[in-house]
Structure formats: structure tokens, C-alpha cells
Amino acid sequence: MSDLYAVIGNPVAHSKSPLIHAGFARQSGQDVRYEAILAPLDGFVETVAAFRQRGGKGANVTVPFKLEAHTLSSCLTERAKAAGAVNTLVFGADDILGDNTDGAGLVRDVAVNLGYALDDRRVLLMGAGGAARGVIRPLLEHEPAALVIANRTPQKADDLQRLFASSGNVLSAAYEDLRGQEFDLVINATSASLQGDLPPLPKGIFAGASLAYDMMYGKGLTSFLQFAQQQGAARLADGIGMLVEQAAESFFLWRGIRPETEPVIGMLRSSLGSP
């Protein structure tokens, strides 16, 4: 009988996680079944309990339940504590381990798949919500020269700066404060691209050999990546690699096997018609 896993969210029909984990299972010969579960907005805990009763071994958690998953977990990894949110649950006999693989997924995509070294780089992280918070500690572990957090509401960026100040050279800024500065890596951790919108970035922020990275993805270039291309960013990357890499980290937690991500990234790009 196949071991059962799932992604739990609301909405969840759009999730690529079942496709990704099916690819991992085929390649590694693991007998697993992975499904998408729509949880009521007020029924996440009950949905997890019902899934465990059905024999679920673990679950991915997507919006809007990552904070609830953090609260539900009986023990947390250090990176989940730093992120303040959980996207991966591992079910034990009497406990639930909560982890956050988003930051590891981003860093692995940038450093390994894209071959872009993070040490001594000036990094700009746009956004101060859960997506941004989840990647700060993993980015700082690679010792960038500076990590600047910019947000439309500067107070939120200030809060994150204080939270991670002891982990590296972290600064906070309003977007207008960025005028005249250049960055080697610019990461969009906002959801603006989903609406075809763009954070209010000043022109001239991309350094000569810069990488523009959008956590969002779609069939073509996102609005942020279009802006970056027009502004002379040397390289562009969307969030498909991060999506697959964070899933691979979850798969490793559950199965003890680290899958090959390159063929799954290629398969996902083909299915989306993404460049």
C-alpha cells in the first residue's frame, strides 16, 4: 500500500505539488501517493487530523495555513522557528514536526541550479511578509555583504531587520531610500507579480552582473522580470526552481532520499509553457 502525503491549502486546485512529487516518486522508485486537499478556511486543524487518521505520513502546507501549521506543530526545526511559519509537516506516532523548506529551496536554486554565489553580494529582498521572512536566515548563512529588506510599509521591514540583526548585516529601507544604490541580487518576495503589478522600485538598482529573481512564476516573464530586463539585469529567474527545490527538501525529510530536481524543473516548465 502506498504511503500517503498531501498538500493542504485554500485554494489548492492550482498546486503543482502533486505533479512534482509524482515525478520525484517515479525517479526514486518510492511507493507514495500525493494528493491535494482543500481545507475550509476555519478547518485546517480538523483537516490535518482527518488526513492523519487516513494514514497520512506528512503534508505540505500552503496559503493561508502556514502560520496555523506553525502553531499546530509539537516541535519545530530551527529554520521553521526563524521563518515563523511551517510549510512541511512530518507526522510521528505522537507528535508533529514542523519545518520550513522555502529558504532552502530558494538558496539551492540560486546557488546550485543558477550557479550564482551569494557570498559578498549585495542582496535586495522586496517584501516583508511570510515569503520574505522564510528566506532571510538561509540567505544570511551564505554571508552576503549586505541584505537590504525593502517594503511599502517600512515599519514591517524594520521589524524583520531587528529580528535578524544578530544573524548578519541586515538593513531595512523604504523603496524611495533605494535611489542611487545598486544590488547584485534582487529578489521579489511580494505577490505583486500575480496581479501584474510591481513594487515601486527606482531605476538603476541592478549592478553589472546582477540576477533578478521573482518567487512568482507564470507562462512568460513576470512584471518584475520584465522591469529587470528593461533595467539591464544580467540574468533573470522565476520561482519554478525554488518551488521544485523546496519540494525536494520536503521529500528528503519524508523519505530520506534527495531527488534529482533538474528533470522535474524541466517537466514543470514544459507543462506551464514557461521559458
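Quick reminder: no glycine exception, Cβ is built from N, Cα and C everywhere.
Going by what Swiss-Prot states, the shikimate site holds SER15, LYS16, SER17, THR62, ASN87, TYR217, and the candidate of ASP31, ASP42, ASP102, ASP197 recorded there is ASP102.
Site annotation (Swiss-Prot, ligand NADP(+)) includes GLU78, GLY127, ALA128, GLY129, GLY130, ALA131, ASN151, ARG152, THR153, PRO154, GLN155, LYS156, MET215; from GLY43, GLY239, GLY241, the additional listed residue is GLY239.
Between the CA atoms of MET215 (NADP(+) binding site) and ASP102 (shikimate binding site) there is a gap of 10 Å, rounded to the nearest whole number. Under the DSSP three-state reduction, THR62 (shikimate binding site) is assigned to coil, being neither helix nor strand. With the fewest other C-beta atoms within 10 Å around its C-beta, THR153 stands out among the binding-site residues SER15, SER17, THR62, ASN151, THR153.
Candidates ASN87, ASP102, ALA128, GLY130, THR153, TYR217 (binding-site residues) were compared with LYS66 (active site, proton acceptor); those inside 10 Å Cα-Cα are ASN87, GLY130. A simple Cβ count within 10 Å picks out one of the binding-site residues GLU78, ASP102 as the most packed, and that one is ASP102.
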